[in-house]
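Pulled from Swiss-Prot:
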- 29-49: transmembrane segment (TRANSMEM)
- 103-123: transmembrane segment (TRANSMEM)
- 128-148: transmembrane segment (TRANSMEM)
- 164-184: transmembrane segment (TRANSMEM)
- 202-222: transmembrane segment (TRANSMEM)
- 247-267: transmembrane segment (TRANSMEM)
- 303-323: transmembrane segment (TRANSMEM)
- 335-355: transmembrane segment (TRANSMEM)
């Protein structure tokens, strides 16, 4: 009986241990699930904002019937795409055709790992955070090229080639701008870059220390997002819908999601690298330093930091949406000339000047 009792206690202890492991596993993925929910809500808000701002610019009525103020219009459109038939090209490469959208979405979602939304509210505070983002974002054009090649359609193939060429042309100036920011901050961690801008308040932001780099980064980010006037890979008048021509249903919805996710990531990185992240514009004196630090105060500080970060990001979103409905589309040769003959030399010169100033200050 003693042996049986010991065995029962051992089994119970193991079952409790397994239960604790399951609970710990659920708790560990809770931040990721929260971030995914936040990203989904942000994308819906961006879609609604773009439609409202576009309607205001064009002096017309935007979405107003689906929910109050048309807030549910994006959900209605997404539901419609999910319920549509997923048509596959009869002579296309089906495996590549199916993998292409997934690669583009996953590569952009991984970029959120290194974005600090609030005070130390980041999933992975890595010492190479900004360069990890550049490496991950370089994978997305591969998915677009695969989508264009596998569709067995000349318009899709040309759209995929344009997407790859455009990404290569503007990835290099963008990288040089990030290098200059890393030199100024003495770190490649996104959290360290934000904290380095908090010392002098509004005038400590990198937008004042790197005005040329900011303009180059802004233009390169718009080109990476393939937004007007840089939407050559999916120009309707020339390529029908570019690499998206043969897609329908949920796969087309994924490409639609990619464009807005890319815009959101670019907006957040403009905020983190140049606009001080979660910091206010006043010299850094934390209001919460006057209170005893506890969980409630920490959560409140983090929440306010997230609000400040998103407010700054929406400024870039407003600029990009306004540019879309203001400037005409560029030709392909003009787009490549802008990237290779103007932005690349300017960003390289900015990097050399930053390096020289840092060496002199040593």
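Note: Cβ is positioned from N, Cα and C throughout, glycine not excepted.
Outside the transmembrane segment (247-267) by six or more residues, the chain places 39, 42-43, 46-47, 78, 81-82, 84-87, 98, 101-102, 104-105, 108-109, 111-112, 115, 133, 137, 140, 147, 151, 221-222, 224-227, 313-314, 316-317, 320 with a CB less than 8 A from a CB of the stretch. Contact between the transmembrane segment (335-355) and the transmembrane segment (202-222) is present: at least three CB pairs lie under 8 Å, with pairs separated by 6 or more positions in sequence. At the 8 Å Cβ threshold, with sequence separation of at least 6, the transmembrane segment (303-323) lacks contact with the transmembrane segment (164-184), having fewer than 3 such pairs.
Proximity of distant same-chain residues to the transmembrane segment (202-222), defined by a Cβ-Cβ separation under 8 Å and at least 6 residues beyond the stretch ends, is recorded for 170-171, 173-174, 176-178, 180-181, 184-185, 193, 196, 230, 266, 269-270, 273-276, 281-282, 316, 319-320, 323, 338-339, 343, 346-347, 350, 354. Long-range contacts of the transmembrane segment (103-123) within its own chain (CB-CB distance under 8 A, at least 6 residues past either end) are made by residues 31-32, 35-36, 39, 129-130, 132-133, 136-137, 139-140, 142-144, 146-147, 190-191, 194, 254-255, 257-258, 261-262, 265, 268-269, 272, 277-278, 301-306, 309-310.
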